[in-house]
Ligand code: COA
């Protein structure tokens, strides 16, 4: 009997405060038209001062659990992807486990920047396929607004806050077909966020803000995501036409369009949320997936390709039958 990981629930949470491009252009030298034309972003959400990655994760997770119709105690494994954890430790996974009142499960974080949710999905799929877990909760939760330098126009226009959740259950019905994850640490300097307190003695002092060479990141992202599409299709001996939906990481509309073009896919089959959310890092793919499931675009039986790219560099994909 083949055992699959099947999606049984999804959830998402966006903070209520909206920050528009026009508002940002009051504080740094930019404009709504520059930001929209170069990125596709018009506004993003900003977490309230009392919100954290764990508090937002809890809201998204509870929605996924409710959709799955399960008791939280049935969850064997909680994986949280975040680059903005509440604390260095305990992990946000442990904090979420406690918030959900789950006594008997394993919980931990994965740190793969914007690819974190795909890495989490890949880990979850291995646990389910081997029989080590039957129900796994994966959450991407990010408060990017707290690691952005709001005086740096090259980064502050891009990011937003939010949380997305996915609940997987073991099933004999087809679910995740394959996952593919990769890392390349030699690109550290193109995109990084320092940890000032843990910096080595003599290391130049840097604030804990996102540093990015955007143009270079852009080029690597487009090439890499093109390759992961080929890798995923080849691994499943599928043609491009087999894919019903592309759910990409929401970093830049031009990167998304390039991947859609590679798949010869019209933008109507691509789930795009970044216009009003910006780049929510590890939350973005799960937020987009949740939106398209809940509004009825993604239907049971359809083939969905999820993909992401982030600091590290890290990148990955998951192909699933919903
Ligand atoms: N408003 C106005 N001008 C801006 C600006 C802003 N917010 N940010 C940068 N500029 C300026 C630059 O200073 C530069 O000016 P110059 O030519 O006088 O030096 C000019 O715009 C072009 O900058 P460049 O970086 O080449 O623009 P770009 O077309 O590459 O767009 C990004 C910049 C960041 C939107 C784009 O590179 C990008 O999206 N990269 C990928 C980022 C990403 O996905 N990161 C997360 C990965 S998970």
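For all residues, glycine too, the Cβ spot is worked out from N, Cα and C.
Just so you know, the Cβ of residue 114 (active site) picks up 32 other Cβ atoms within 10 Å once every protein chain is counted. Annotation note: residue 114 (active site) sits in a helical segment as assigned by DSSP. Per TrEMBL, active site is recorded for 114 (among others).
Among the features that TrEMBL reports, active site is placed at 249 (among others). All protein chains considered, the CB of residue 249 (active site) has 29 other CB atoms within 10 Å.
In this view, residue 279 (active site) is surrounded by 23 other Cβ atoms within 10 Å of its Cβ, with every protein chain counted. Residues annotated as active site in TrEMBL: 279 (among others).
Taken together, the residues in the domain 'Beta-ketoacyl-[acyl-carrier-protein] synthase III N-terminal' (108-185) have a mean pLDDT of 98 on the 0 to 100 scale. The domain 'Beta-ketoacyl-[acyl-carrier-protein] synthase III N-terminal' annotation in TrEMBL covers 108-185.
According to TrEMBL, the feature domain 'Beta-ketoacyl-[acyl-carrier-protein] synthase III C-terminal' maps to 233-322.
Remote same-chain residues near the region 'ACP-binding' (250-254) are listed as 38-41, 114, 158, 218, 221, 272-275, 277-280, 284-285, 287-288, 309 (criterion: CB distance under 8 Å, separation of at least six residues from the stretch ends). What TrEMBL lists as region 'ACP-binding' is 250-254.
For the pair formed by residue 249 (active site) and residue 114 (active site), distance between Cα atoms is given as 8 Å, rounded to the nearest Å. Using DSSP to sort the residues of the domain 'Beta-ketoacyl-[acyl-carrier-protein] synthase III C-terminal' (233-322) gives these counts of helix, strand and coil: 37 helix, 22 strand, 31 coil. A gap of 9 Å separates the Cα atoms of residue 279 (active site) and residue 114 (active site).
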